[in-house]
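These notes are about the structure you will find just below.
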Amino acid sequence: MLLFLADLLAHFQSAFNVFNYLTLRVILGTLTALMLCLWLGPQVIRRLVERQIGQAVRDDGPQSHLSKAGTPTMGGAMILIAIAVSTLLWGDLTNHYVWLVLAVTLGFGAIGWVDDYRKVVEKNPRGLPARWKYFWQSAIGLGAAVTLYLTAASPVEVSLIVPLFKDVVVPLGLFYIVLTYFVIVGSSNAVNLTDGLDGLAIMPTVLVAMGLAIFAYASGNTVFAQYLHIPLVPGAGELAVFCGTIAGAGLGFLWFNTYPAQVFMGDVGALALGAALGVVAVIVRQEIVLFIMGGVFVMETVSVMLQVGSYKLTGRRIFRMAPLHHHFELKGWPEPRVIVRFWIITVVLVLLGLATLKIR
């Protein structure tokens, strides 16, 4: 929006051309989202408290979590508002990728909002029934996958790129739609599973978004893409602005979500942020890198799958409790220790993911 206005004003004052620089708009988008979240936070928390929209806590979980009962939830709404407003302000609204990632993010956010609303407002512990949750997730995920498949400008945009190898490009054909669906839906649910401790999910999300911003910037730049031997995806550079708004909004939310949390993001935030990371990774053709950088999300998801599978097959549990962060809590780790160590792991994994840009 502001880019369009700047282009008009540039006819009268050339200084406005500075807003055509992508790096500047990434920075401004990040700062705008950060400030919006910091401004919205107290107001959102106050309204959630007034309406008694508080987190319910399971009796069979770690005893330390009982004190969290009643903490305002659904705070992810402020993250989505900050992301949407900042992206619309600083992004190039003629770029179809911008509209696609916003649609996917807000669509998954709507699913999470309905789930949260039924749980905390209507006092229905099941929330949105699983079959309907996965139906709508699948509808949005497949819709995005088909759209990307039909609008691909070159074969490489629907191929699997293998990191560390310059020339390993695997044509996917229609399987691209299946892979894209699983990346978006899987990433969404993985972040949701990780969102169980104060600040545990949001900081890794911020870090991964920052990593993807670098990939998006490079993928949309002809010189960088050729030099780094990564796919050139025309228009993907604008996703760096979107990723910047995720990082900014996430840091703003962390101001209130850090231990001890004043607010939780709820499914409205977790499902949306996970889907956002997934769809960006798909567009810039870095699904495998997302798997690396989002290793904490992967560990949490795999721990649940192993726990459920082991219990059904043998009647025994592998972990004291799943997802994995609860296992460490029940081993006696204080909550802040679990959180910060998972953050440290994510920093290392994001750096490893970025290293694949050069090691080829």
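For all residues, glycine too, the Cβ spot is worked out from N, Cα and C.
Source: prediction; values computed, not measured.
Over in Swiss-Prot, the protein carries these features:
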{"type": "TRANSMEM", "residues": "21-41", "note": "transmembrane segment"}
{"type": "TRANSMEM", "residues": "73-93", "note": "transmembrane segment"}
{"type": "TRANSMEM", "residues": "94-114", "note": "transmembrane segment"}
{"type": "TRANSMEM", "residues": "145-165", "note": "transmembrane segment"}
{"type": "TRANSMEM", "residues": "168-188", "note": "transmembrane segment"}
{"type": "TRANSMEM", "residues": "199-219", "note": "transmembrane segment"}
{"type": "TRANSMEM", "residues": "236-256", "note": "transmembrane segment"}
{"type": "TRANSMEM", "residues": "263-283", "note": "transmembrane segment"}
{"type": "TRANSMEM", "residues": "288-308", "note": "transmembrane segment"}
{"type": "TRANSMEM", "residues": "339-359", "note": "transmembrane segment"}
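Of the Cβ pairs linking the transmembrane segment (288-308) with the transmembrane segment (94-114) and spaced 6 or more residues apart, fewer than 3 are under 8 Å, so the two regions do not touch.
The transmembrane segment (94-114) and the transmembrane segment (339-359) are not in contact, since fewer than 3 Cβ pairs between them lie under 8 Å (pairs 6 or more apart in sequence). Cβ atoms under 8 Å from those of the transmembrane segment (168-188) belong to residues 104, 108, 134, 137-138, 140-142, 144-146, 148-149, 155-156, 158-162, 270-272, 274-275, 277-279, 281-282, 287, 290, 294, 297, 301 of the same chain, restricted to positions at least 6 beyond its ends. Highlighted: of the candidate stretches 21-41, 199-219, 263-283, 339-359, 21-41 has the greatest count of Cβ pairs under 8 Å to the transmembrane segment (236-256).
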